[in-house]
Amino acid sequence: MLRVAMVDVPHVAHQATGRARMRRAPKAPRRFLANVCAGLGGCELRRLLRSCGRPPRSALRVSRRRARPQLGRRLAREGFHLSPSPLSADGFFINVQETLSCQAPLLGHSLMHHSGEVYGQEATSTLPIESLRAVAEQTFGDQPLCVLDLCAAPGSKASQVASQLHIDLLVANEPQKTRAALLQANLLRAGVSEALILSMDGTRIGAIMPNAFDVVLVDAPCSGEGNIRKDPSAWDRWAHNDHPQQLQSRLNLQKDLMSSGWQALRPGGLLVYSTCTLNHEENERQCCQLQEQGAQVVRLDEQLVPSTPEGFLRVWPHWLDVEGFFVACFYKETTHVDPAAQMDCLSLGKMGFRRLKTSEVAGLQERVLQELHFSLPPGIPVMDKEEDVFLLTKRLPLLQKLLPHTLLPGIRLLSKQQISKELRLVAGGNLSSEEWLDLYKSAGGGLGASSLSLKSAVDAPTAWKAFQEMKQQRLEPDIVSYNTLLNAFAKDSDGAGAQEVFNEMTDVSVTPGVVSFSVLIEAHARAGHRKAAEQAFRIMQELGLQPNEVTYTALLRARLLSGDLLGAEDLQNELNVVGYTLLIDAYARVGNVEKAEAAVDALSMNAAPNLATYTALMKAYSRAHQLQGAEAVMSRMKAQGLEPNSITYVTLIAAHGKAKSLQRAEELYKEQGPNLASATAMIGAYGRQASSFCSERSEYTGGGRVRGQLRRGEPRAWWGRATKRGPKMLKERKECLTSFVHRLSGQMLFAAGSCHRP
């Protein structure tokens, strides 16, 4: 039986509160403000804190290796509209379709994500490689590079390196075996065949491979204060009494990683150090210590964003409405290296491989080309003792030293005389989402692959099945997996199912966060469980978790659906654009124009109203029978650069139809163009004024003319697109149109009174 009522959550530790924090949201720890924000003025500090209280801004990066034509259109069809990121040539912010729903489409659902065409990556996370790319072009020219990513998992920056730089070899390291396997699968999915995956302590690589790499990336583990919008616990660390000890432990690890990376960097090479934190100890202080070892700062003054006086990049969250980040770049002065000190290379035989004969290589290349329509990348094809075939890097001395620490010596080409799944994943092709996920899972995706399967579920039962399969594979679901499952139940308006998932989280000691509670409240709201939603909100506050705008919007929905408009108004100062739009829509339903306008004004003080917001306001004027006000909203919308959609036109057409202003309704109908929604509104307008149905010069009545336009025009275009998407879609479209023409328009025409030809 499902447990519907909220239960206590004993597994969630109470966070430090009280004097350690500010009283007002987002309740920043005083220690954080004193150490990190001391240099910010009062106005800028308020902007920072306000920015940290907003939900994170979703972004993606387009892969130059994978992207196919019309990517933007294909993403738009799935609900994602892109706007360029100022921080990356390949980066874009994700703007979901205008909707009143708190549940935005998930990028992990899309085929473009599964196939590696896009990678979900925060805008500021692209800065290290963008900075490196600008400097590397001046330093190395067109020279193919040997790159070491010292802290590579899960692979966002490593795959960006392969996408944007001319590389000969990419060595990507992750000490944890399971995360290293996920790193490998992510790089294969991104089409990267030149990668060598290590799983070892990054602080030891410099001693094993000194002076070996042209470029070294150190994206160091850090406090993560820049990610406060998606991880509120980052600030909690500053409120804990043991914060100085935790900080010192991270500083020691960062220093050791930087020293190891510096040792592995060849003279004349570049090292990039980055964190997603904001404090000076983990950023400038670490850079000063590296300078003491002879590192020369490569100033990033004119790169992307304003730099610090030292020439580093520091991005504050409130500057561009993004996550906080820090980037520094260093150059290793060229020195003479004794050739005798260079490492000798063992023969392939002593390394455990047999090099394929020329005829074997030719046969393999032809087979891969015929089966996968893919050409083998450069490398040395070899066979191991199990008769699996691998493609090794030509940098054999480097491979020899690192071989004991690699997951695989190179990309596997053949396994038991069959083309390997790793090679199929790199080659890609016209595969379905299910085929991509299957290859990704078999190539080592593990929990990551199962999480993608979970995100791709079309409904809650499918998501639940994927979740159970994950556990059957002895993969331990993390909080992201549980939140994804909660989201599936919320979309299905299944509050009871979401509550059961939430209860399981606490039973297995997965600590729910702000996102978990927000989605649970949303699920209860959609299911009409106002009491359960309110109780979840109270427990969240009791646990010291700070609700964000998404949380308040979900609670607002619960109150609105229960008919408590006054209770919803109490949340007005805590809402995001979606929340304000829901509130304005509620005012529109009762025709309260004054309060709707006041809510728009309140929203405009912190954010720009969107298309859905203005459409809801237009509905308020329409319900209040104020046509001039509704038309004025349309003008305001266009003045803001917003393009009215079909819902906007339908709202205004219906308003004029109710006022029997058919001439203006017809103008709007022609401006929008015939489609089912606008035609429905237009037929309704004719139905309210039977005397306007007939014209001495027209062969058909007004409603009949609209019906004829639908039959001749828009449905045909829809059917044409539907046939490409399969018989099922075609059948659904035909049924939809048949129902519309014979039931809706027929009833409206009959109700208004039939007019005959003259």
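These residue numbers are counts, starting from 1, taken along the chain as shown.
Using the three backbone atoms N, Cα and C, a Cβ is placed for every residue, glycine included.
A TrEMBL annotation is a machine prediction, not a hand-curated record.
Close to Cys276 (active site, nucleophile) in the fold, though at least 6 residues off in sequence, lie Thr124, Ser125, Cys222, Gly224, Glu225, Gly226, Asn227, Glu323, Gly324, Phe325, Phe326, each with a CB less than 8 Å from its CB. Here TrEMBL flags Cys276 as active site, nucleophile.
Contacts of Ala153 (S-adenosyl-L-methionine binding site) defined by a Cβ separation under 8 A and a same-chain sequence distance of 6+ are given as Glu174, Gln176, Arg179, Ala180, Leu182, Leu183, in order along the sequence. If you look up TrEMBL, you'll see Cys151, Ala152, Ala153, Pro154, Gly155, Ser156, Lys157, Glu174, Asp201, Asp219 marked as S-adenosyl-L-methionine binding site.
Residues or ranges marked as domain 'SAM-dependent MTase RsmB/NOP-type' by TrEMBL: 48-333.
As annotated by TrEMBL, repeat 'PPR' applies to 478-512 (among others).
Averaged across the repeat 'PPR' (513-547), the predicted model reaches a pLDDT of 92. The repeat 'PPR' annotation in TrEMBL covers 513-547 (among others).
Panel annotation: around the repeat 'PPR' (610-644), residues 98-100, 577-578, 580-581, 584-585, 587-593, 596-597, 600, 603, 651-652, 654-656, 658-659, 661, 672 of the same chain, lying at least six beyond its termini, place a Cβ under 8 Å from a Cβ of the stretch. What TrEMBL records for 610-644 (among others) is repeat 'PPR'.
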What number of additional C-beta atoms lies within 10 angstroms of the C-beta atom of Gly155 (S-adenosyl-L-methionine binding site)?
29
Return the residues near Cys151 (S-adenosyl-L-methionine binding site), defined as same-chain residues 6+ apart in sequence whose C-beta is under 8 angstroms from its C-beta, sorted by sequence, else 'none'.
Asn173, Glu174, Gly202, Leu217, Val218, Asp219, Ala220, Pro221, Leu257
DSSP residue counts for the repeat 'PPR' (610-644), split into helix, strand and coil:
26 helix, 0 strand, 9 coil
Cα-Cα distance, maximum over Cys151, Ala152, Ala153, Pro154, Gly155, Ser156, Lys157, Glu174, Asp201, Asp219, record's S-adenosyl-L-methionine binders, Å:
20
Validating a neighbour-count step here. Other CB atoms within 10 A of the CB of Asp201 (S-adenosyl-L-methionine binding site): how many?
13
